[in-house]
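Just below is one structure, and these are the notes that go with it.
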Amino acid sequence: MSEQDITVPDLGGADEVEIIEITVSVGDAVVEEDPILTVESDKATVELPAPMAGKITAITVKVGDKVREGDVVGRLDVAGGAVTEEPPAEPEPAAEEPAAEVPPAAAPAPAAGGSRQEVVTVPPLDGLVDIPVIEVNVSEGDTVEVDDPLVTVESDKATMEIPSPFAGKVGKILVSVGDKISEGDRLVEMTAVDGGDVAAESSQPASAAAPSAPQAPAPAPSAAAPAQTSNELPPAGAKVHAGPAVRKLARELGADLSRVKGSGPKGRIIKEDVQAYIKQHLQQAQSGGGVSGGTGTGIPGVKLPDFSQFGEIERESMSRMHIATARNMERSWLNVPHVTQFDDADITEMEAFRKSLKAEGDKRGVKMTPLPFMLKACARALADMPQFNVALDLDKQEIIRKRYIHIGVAVDTPAGLVVPVIRDVDKKGLWDLAREVIELAEKARDKKLKPAEMQGACFTITSLGGIGGTAFTPIVNAPEVAILGISKASMKPVWDGSAFQPRLMLPLSLSYDHRAVNGADGARFTNRLSELLGDIRQLLL
Ligand code: CAO
């Protein structure tokens with residue numbers, strides 16, 4: 001066993017550099033050239049490699065320290081005492097800022113004043129050719145400064161970013177990930193701004209910023225907050241600042257670095273950020289998914305742009321009810337193969353009867369709307385067609401048949417959508433149902449519903465009849481297998497075989513789970529409802 005100091009090698013002209021990342025820990029085994037530290041000067045970010053293979057026995061510096069060539073940063077236990085006398089390898093270019101070896105992408109000298117169209121080409125790459133592009137760091141429309149990374153390429157030895165030779169606006173991107181590029185290849189079309197200080201422009205307040213101002217950077221996480229705890233993601237197309245070791249880790253773990261919020265200096269992404277990002281995604285997958293950041297189904301979440309670039313915005317927390325409803329909707333929509341069957345029921349006679357009940361309703365203190373008739377008709381249709389009164393247990397590959405008929409009614413409240421459940425609808429009369437709908441709707445609006453009053457439904461009715469519309473496609477309230485949407489009844493000319501008759505037609509929209517119900521039964525169910533509502537005497541049979 002032989003211990004050896006790890007010292008800072010020749011820094012390629014840089015005098016003093018700051019340590020921004022320590023990529024190893026005491027006890028780690030490293031091989032020659034493995035990155036030990038990442039340091040940053042005014043001009044470049046570089047990784048300091050291990051001078052030889054061994055085991056790290058001490059790290060004598062910390063993030064934020066400034067070091068110079070020759071400074072000791074740690075100690076290495078060199079296995080078998082095989083200490084090589086060779087000087088440490090030259091620092092490898094890291095992927096963040098322009099690497100020392102990679103000059104800015106080739107471009108003609110700017111003319112004085114104004115803007116001009118340019119095509120950025122690949123600069124000399126140390127004689128390397130056909131280097132694969134592993135990341136395109138900009139998007140069309142982005143505003144960039146001189147030296148902002150345009151694309152990242154990866155050779156056998158290093159990952160390098162090709163920086164922009166000038167400030168301006170990115171036009172058409174001429175390469176994509178996987179392309180192999182060599183010196184002189186066309187990279188990006190740009191509108192170059194001569195002498196323009198894009199950085200200065202973009203740091204102006206939004207009101208003073210040019211319309212093409214770049215997207216605001218993601219807010220830096222507070223020191224105490226673990227990385228990636230918020231759902232807020234870097235704006236789409238945000239530039240990625242990360243060293244090669246972090247990029248390698250992200251590739252290994254399948255993390256999209258453009259979705260990772262950096263907590264290192266200047267928003268740089270460090271290993272812990274990638275780990276926290278992966279952890280958060282695993283937790284989301286286990287808990288059934290996040291509202292905007294992914295669903296846990298492998299379906300990518302929707303990227304949010306920085307809306308403030310389009311106009312004034314305001315953020316407000318979602319209520320717990322809203323979050324719960326959003327998750328339920330998402331779950332049902334993603335899990336249930338939906339089909340929606342439309343039909344019209346002739347409710348001319350039903351309406352005449354309902355209106356005739358007005359005086360009695362006033363006496364009873366209950367308003368009779370069309371909804372109790374719908375509840376009764378659905379209960380009868382569910383009894384007639386029990387394949388709609390089931391739940392699927394796919395784990396056990398069983399169908400659960402319900403011998404009761406409880407129906408949920410969607411109620412619109414200021415706090416969001418709630419679905420109280422009316423039990424044993426088949427056993428109740430119209431007045432009881434009318435009273436119960438009113439009571440439950442009132443409780444829902446006053447937030448007084450008990451959990452038990454929102455559980456146990458076999459089927460749901462959602463009525464927009466008091467509002468309007470001709471049809472809609474309701475989302476099944478899983479694990480139920482069907483939901484009836486009701487739209488506003490209207491007078492329509494209906495052909496009776498010899499003439500058009502004015503009839504009051506009620507639009508029905510039945511969405512069902514196509515795993516439980518086939519299309520023919522979907523149409524039979526709405527037929528049956530139309531029959532029952534068209535002649536409500538049948539409800540007595
Ligand atoms: N066609 C024509 N008129 C209708 C109708 C229909 N299908 N359904 C109800 N109406 C009439 C009622 O008769 C009543 O008219 P009058 O005041 O002239 O008597 C008026 O519309 C209002 O009815 P209502 O909405 O107060 O009562 P309801 O029994 O029809 O509905 C309830 C009760 C709780 C379902 C309803 O208030 C509600 O919240 N609806 C919205 C549900 C919802 O948001 N669903 C969306 C789910 S998907 O996001």
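Using N, Cα and C of the backbone, Cβ positions are placed for all residues, glycine too.
Note: TrEMBL annotation is automatic and uncurated.
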Handout entry: Matching range for TrEMBL feature annotation, region 'Disordered', among 151-197, 198-244, 245-291, 292-338
Key = 198-244
Fill in the blank from the handout: In DSSP terms, the domain 'Peripheral subunit-binding (PSBD)' (241-278) comprises 24 helix, 2 strand, 12 coil
Exercise for the section: Give me the mean pLDDT over the domain 'Lipoyl-binding' (115-191), rounded to a whole number. Expected result: 84
Exercise for the section: Take the domain 'Lipoyl-binding' (3-77) and count its residues per DSSP category (helix H/G/I, strand E/B, coil), listing them in that order. Expected result: 0 helix, 40 strand, 35 coil
